[in-house]
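Here the structure is laid out as structure tokens; the discussion comes afterwards.
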């Protein structure tokens, strides 16, 4: 009995560590991805949102295929039935990425505080439209993802989501980027070395983020996944101030404070309950 209890305890600790690791990697990738996208589009003027998405997803697909060929990762070969189940998620994924790109193009990174958007001088009506549209796609994507992973996760393995998500997204993204893709490649060629390094990092982080998103969703709940994404806006807003010089107004800072308080409250409400104190009878049973 005691040995069985120890095994369960070790299993719970390992699972908790995996949950924490998935949240940290997802959060780090999410913050890095937004900053790199903003840096590439705004600072280096590679203003080709759809072309950048095609480049990111195409390179992520190539990377995971090469890793499979080398035997470093494994996932089953393409299955049409799985692809048909995955298609609605891909549509939501493309919508989420595209609206995110549109809002980043128009608005400041420091708009991490939603309440502060009223007093933020980088906010526009179109920027708010794309931001709230992005929220709709993100919520739909998260809820459908959790349902889908429960249905096909055993069939496609840990790295299958990266393969299907990037493969199925390309036919949706490519048509809208064909006209500007040669210009994007030309501008990349003429851009400084620092821009090329940012672009390379963006591609690598994007590849890891796809995996991290599905891993985090599998290990947690849609609510925890969404709250983590929302809390990412706090360090993102602070970093946006220093990197891009987008300083929020007083109302913006109030919004950041409210967002942080909300995260603390959510964490407190979801803390694990304390185990009940053992009685003398319970101790005797555990020993036996």
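Here the Cβ of each residue, glycine as well, is placed from N, Cα and C on the backbone.
Heads up, TrEMBL stuff is auto-annotated, nobody curated it.
Note that the coordinates shown come from a computational prediction; the quantities given were computed from them, not determined experimentally.
The domain 'EamA' annotation in TrEMBL covers 126-265.
Residues annotated as transmembrane segment in TrEMBL: 21-40 (among others).
Remote same-chain partners of the transmembrane segment (46-66), defined as residues 6 or more beyond its termini with a Cβ less than 8 Å from a stretch Cβ, comprise 37, 40, 73, 75, 94, 97-98, 101-102, 105, 159, 162-163, 166-167, 169-170, 173-174, 176-177, 180-181, 183-184, 187-188, 191, 195, 199, 202-203, 206-207, 210. Feature annotation from TrEMBL assigns transmembrane segment to 46-66 (among others).
Beyond the transmembrane segment (86-104), the same-chain residues lying 6 or more positions past its ends with a Cβ under 8 Å from any Cβ of the stretch are 34, 37-38, 41-42, 49-50, 52-53, 127, 130-131, 133-134, 137-138, 140-141, 144-145, 148, 152, 164-165, 168-169, 172-173. Feature annotation from TrEMBL assigns transmembrane segment to 86-104 (among others).
As annotated by TrEMBL, transmembrane segment applies to 124-144 (among others).
Annotation source TrEMBL lists transmembrane segment at 194-217 (among others).
Per TrEMBL, the feature transmembrane segment maps to 224-244 (among others).
The transmembrane segment annotation in TrEMBL covers 250-269 (among others).
Averaged over the domain 'EamA' (126-265), the predicted model has a pLDDT of 78.
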